[in-house]
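Structure first, then comments.
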Amino acid sequence: MQLKQVIIAYKARDSQSKRWAELCAKQLENRNCQVLMGPSGPKDNPYPVFLASASQPIDLAIVLGGDGTVLTSARHLAPAGIPILGVNVGGHLGFLTESVDEFQDTEKVWDRLFEDRYAIQRRMMLQAAVYEGHRTNLEPVTERYLGLNEFCVKPASADRMITSILEMEIDGEVVDQYVGDGLIISTPTGSTGYTVSASGPIMHDGMEAITITPICPMSLSSRPLILPAGSVVSIWPLGDYDLSTKLWMDGVLATSIWPAHRVDIRMADCRAKFIVLRENNSYYQTLREKLLWAGTRVRYTSTQHN
């Protein structure tokens, strides 16, 4: 990999990730690399400025923070095909990041990148758009939204706990009306997030599929569904026209929707690209460690049962 121009985004208002960012920037500049650096957080979005001010194609984005910081980077950088090296500095679980232990010798990391001694993992994303009008003559009313983990459709009210009524179509065919607290439409990457908390299935992150998980449905027959990646999921909010429903992307508010609006969610035409430094990268080891499964209490090797 050539590193002529690099983005470094660090978790906003986190001194540890900022110190790492400054160290990385200094080392890369000493290797004749142009660096664009800035904070990323709920009130800080550096990516439009990064992309607009780049003097040449961006070769890599180094993202220092937790999963939320990495999710933000993926939504902005995936359409441009920019690979992301996420490092868990100041984060929590770190499902999407390299351990900071892999990043201690940063000069060695740069050597590995220059010498192409790494792997690239491509992860499926979802895109959503909102339409209004008659079913046969719908007009778009929003931009395209991207999500790496999931989209969530939930009712919204400042002073009431509202039960939502959501009609769902798959590939133009009405499947069900869900009465409950909302729906989660997830990628395999997102299946270990909000989806698993709502009793949805865990899908291997190397798959391409879409899962739909009802949130606290009032019908016991409302169960999670796993769909082919090429499916189009359409959701119509029904009920009170005075109450809005919110569309969330990776835990961030995308927009408000109302009865007579339709949300179409499908596989995006871009993938999030992640740099993997771990030489023995195991999805199941990640599950054991991050979800604290029984396997984390046993020192396990691949030859243990031989």
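Each Cβ is built from the backbone N, Cα and C atoms, and glycine gets one as well.
Taking all protein chains in view, 23 other C-beta atoms sit within 10 angstroms of the C-beta of ASP67 (active site, proton acceptor). Under the heading active site, proton acceptor, Swiss-Prot lists ASP67, citing sequence analysis as support.
Per Swiss-Prot, the feature NAD(+) binding site maps to ASP67, GLY68, ASN149, GLU150, ASP181, THR192, GLY193, TYR194, THR195, VAL196, SER197; the stated evidence is sequence analysis. Same-chain residues at least 6 positions away in sequence with a Cβ under 8 Å from that of ASN149 (NAD(+) binding site) are, in sequence order, LEU71, SER186, THR187, THR189, GLY190, GLY193, TYR194, ASP250, GLY251.
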Long-range Cβ environment of ASP181 (NAD(+) binding site), under 8 Å and at least 6 residues apart: LYS154, PRO155, THR163, SER164, ILE215, CYS216
Proximal but sequence-remote residues of the same chain as SER197 (NAD(+) binding site) (Cβ under 8 Å, at least 6 apart): none
Proximal but sequence-remote residues of the same chain as THR195 (NAD(+) binding site) (Cβ under 8 Å, at least 6 apart): GLU150, ILE184, SER186, PRO201, THR211, THR213, PRO224
GLY193 (NAD(+) binding site) CB neighbourhood, other CB atoms within 10 A: 23
Mapped DSSP class for THR195 (NAD(+) binding site), helix or strand or coil: helix
